[in-house]
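Let me begin by presenting the structure, written as structure tokens, before commenting on it.
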């Protein structure tokens, strides 16, 4: 089955965040060129419809992503074994292959050179960052085993962990945390993985990050903490998770130390 859009459509472009609190970008609007986009914003706005954790069959960043991209479906999303003719796949870059989860072609590219696994694109995104952003867990697992560096930051300090958290890909978040990445890494927007997980209303991802020690006091450049965002956006389940975590921390501090 042939791709319905040119390969270039898979290349994402940076979107400038809203500069004023009262006028954030609306993730539901269409771009000027007519393609659907999602735009990062750590400013509270009208809550989006409550979504469950991302389905394993869907691999595109959720609202709150730091990326602007077309919503081209990959072969895995369509449920097809092949999404393009071999000649078309051969024309894709290593970053596009990682984003689409085209493992066979990705492996062929990596065999061509030792330095390709951490090769950045024009925005500093590595294949691992792309795969993490699109929820391609098998690709993420393969790249980590191949030697991909999960600590690399893109030009605007975007990280694989932050983008995986943005999409609510809890399993990928877990894989990255096993590699001792900075759980509180911040990007150009002052956003941390926890802030992006809250912004996307990803309950399980928030739970996983808190369980691993994510900092609840960190503020984005907008001035909002994770709890502030949850309250402002009306994300009650996320708010409850944060409150329960705070209660556990408080209770643990009240437990007297064991006598020697």
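Quick reminder: no glycine exception, Cβ is built from N, Cα and C everywhere.
What you are looking at is a predicted structure, and each value in this text was computed from that prediction instead of being measured.
Sequence annotations record features per position, and here Swiss-Prot assigns region 'Disordered' to 1-79.
Residues or ranges marked as compositional bias 'Acidic residues' by Swiss-Prot: 22-33.
Among the features that Swiss-Prot reports, compositional bias 'Polar residues' is placed at 57-77.
Within the model, the repeat 'ANK 1' (89-118) shows a mean pLDDT value of 88, rounded to a whole number. Under the heading repeat 'ANK 1', Swiss-Prot lists 89-118.
According to Swiss-Prot, the repeat 'ANK 2' annotation covers 123-152.
Residues or ranges marked as repeat 'ANK 3' by Swiss-Prot: 156-185. The DSSP breakdown of the repeat 'ANK 3' (156-185), given as helix, strand and coil counts, is 16 helix, 0 strand, 14 coil.
As annotated by Swiss-Prot, repeat 'ANK 4' applies to 189-218.
Swiss-Prot lists 222-251 with the feature repeat 'ANK 5'.
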